[in-house]
Each structure stands twice: as structure tokens, then as C-alpha cells.
Ligand code: SAM
């Protein structure tokens, strides 16, 4: 049997299609999401409905975003799901989550077994809507979950870690082996829960674009010392004033310290010189 065919659908590689086939894993994910009848749940990439069906069973209405036209059409005519679903046949990368939350009158609960080829940019897109989101549950490559939950000093700690932990509390939920999917991906997978910090819990950053820029520059040269990677933005003296050793590398700086750097740079945009 062709292992790219699942329930009569030929899995499309370009859409990152790996369909869940393991009922134990599916049940565990749905229990972790714990959907409640009147909540505003939205699924990214429902595919053939492996998560959609058990989640929709517990709800009056469910919104889904599916890029594949054939799969969206199939869901539209699904015998019991069809009437409950609002289907957006579009790219989740262009979806306005704030508009949907405003329409539903409550923050969204987002979930999905994400297409791995776009999972990191998609999470960055979602981070820009965290004020409209209550929580997110995602299946990702295990390596990406390791990066999301990493602490300073580890190899997995990077730009994704800092930005994710700035926006969210990150909790690993479950590891999932390749055989739980058809076709089986080449990598291990894991489910993660991301709970956006409320604005009073979030570290205070006056301009998140500055935080984004600093992390891009620091981790773009992650093997160099801060003196080398960020020297054009912060002198060694300024770093020392903030209690940050210029001979450390990007991976040794905590999320709180990156926020401190961003706030300093926001108030001294033209000042710093190479030391
Ligand atoms: N939820 C199903 C499951 O667990 O079996 C399918 C998961 S599969 C890994 C990813 C799904 O996302 C596919 O249905 C794919 O067509 C859809 N998809 C891919 N790129 C997308 C995008 N940019 N926006 C929305 N959906 C997308």
C-alpha cells in the first residue's frame, strides 16, 4: 500500500501533510487541550479531521484554517462536522486572529498539528496576536519544542526561545514517535502548550521590534562574544552597567537581560559605538 495515501487522500509534501493515525496520541492531545463547549477554538491545518472530529464533538462551533482546497472541500461535506465548522480555505500565515477573537467576543484557543515546513514563521505570526489568544497547543518537530523550552547556556537556546518565552509560558506536553503519522515524518515530534503572558506578567519591553532586532543580531553570530555580535549597538561599558559581561555569547543571556538590552536601546537609539 502506498504510505502517502491516507483515507483516500494523497498526502502533499509541499503542504507538510503528515496525518495522525494513532488514537491514543489523538486522545492525549484532545485531553491536553480540554475544549469546553462555548470556547472559541480554532484549528490550523485540520487535514482529514484527526483532531477536528474529537474536538468538534465537545463544541457547538469550531473554526478551521486549511490551505489545501481538496481537504477544505472534504471537510465542508463531512457528515457531522460540516454544519459545526467555519472553514477558512487560506494560508494561516495571513490569517487575522485578532479579528476572529473580536467577532467571537473572547480570546482564542488555537491548536493544530502544524505543517513543519512553516511552523517557526507561523509561530512568529501568532506571537503578534498574543493579546487575542488564550492558549495554543501545537504538534511540532521535537527539536523545535526543545528550542522553545530551552534555558540559557544550552545549544537549543536561540532567537525562537527568547521570543517565545517573552510572549508565552511554554510547557512541553507529550512526545510523539514518527509511526503515529501517515506518512511517517523523518523526525520525532512533540506537543507543546504555549500560554501567552498577560500584559502585566510579560517582561516590560517598550518596543518589541527592538527586542526582535537584538536577538536576530546576537544569535546571527551566536559563536561570537557579545562584544563582537552586539558591539555596534552596545559598548562594553554599557553592557557592564547592565551587569552583562561582554565576553559572554548570545546563548548565555537570559530573556530578562535581552529585554533590558531592548529597553536601553529604545532610549539610546543613536548613542552606542564600538568599544
Ligand atoms: N490535523 C491533521 C492531522 O493531525 O492529521 C493534519 C496535519 S498536517 C501535519 C498539516 C495540515 O496543515 C495539512 O492539512 C495541510 O494541508 C495544512 N496546511 C499546510 N500549510 C498550511 C497553511 N499555510 N495554512 C493552513 N493550513 C496549512
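Cβ from N, Cα, C; glycine included.
Curation plays no part in TrEMBL annotations; they are all automatic predictions.
Annotated S-adenosyl-L-methionine binding site per TrEMBL: 18, 20, 45, 66, 91, 113, in sequence order. The feature domain 'Ribosomal RNA adenine methylase transferase N-terminal' is assigned by TrEMBL to 25-198.
Sequence features, as recorded in TrEMBL, placed on the structure.
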{"residue": "18", "record": "S-adenosyl-L-methionine binding site", "DSSP class": "coil"}
{"residue": "45", "record": "S-adenosyl-L-methionine binding site", "DSSP class": "coil"}
{"residue": "66", "record": "S-adenosyl-L-methionine binding site", "DSSP class": "coil"}
{"residue": "91", "record": "S-adenosyl-L-methionine binding site", "DSSP class": "coil"}
{"residue": "113", "record": "S-adenosyl-L-methionine binding site", "DSSP class": "strand"}
Report the member of 18, 113 (the binding-site residues) whose C-beta atom has the most other C-beta atoms within 10 angstroms.
-> 113
Here are some binding-site residues: 66, 91. Which one has the most Cβ atoms within 10 Å of its Cβ?
-> 66
Roughly how wide, in whole Å, is the group 18, 20, 45, 66, 91, 113 that binds S-adenosyl-L-methionine, by largest Cα to Cα distance?
-> 21
Spatial neighbours, same chain, of residue 45 (S-adenosyl-L-methionine binding site) - Cβ under 8 Å, 6+ residues apart | 15, 16, 65, 66, 67, 92, 112, 113, 114, 115
Which residues of the same chain, at least 6 positions away in sequence, have a Cβ lying under 8 Å from the Cβ of residue 20 (S-adenosyl-L-methionine binding site)?
-> 26, 50, 51, 113, 139, 180, 181
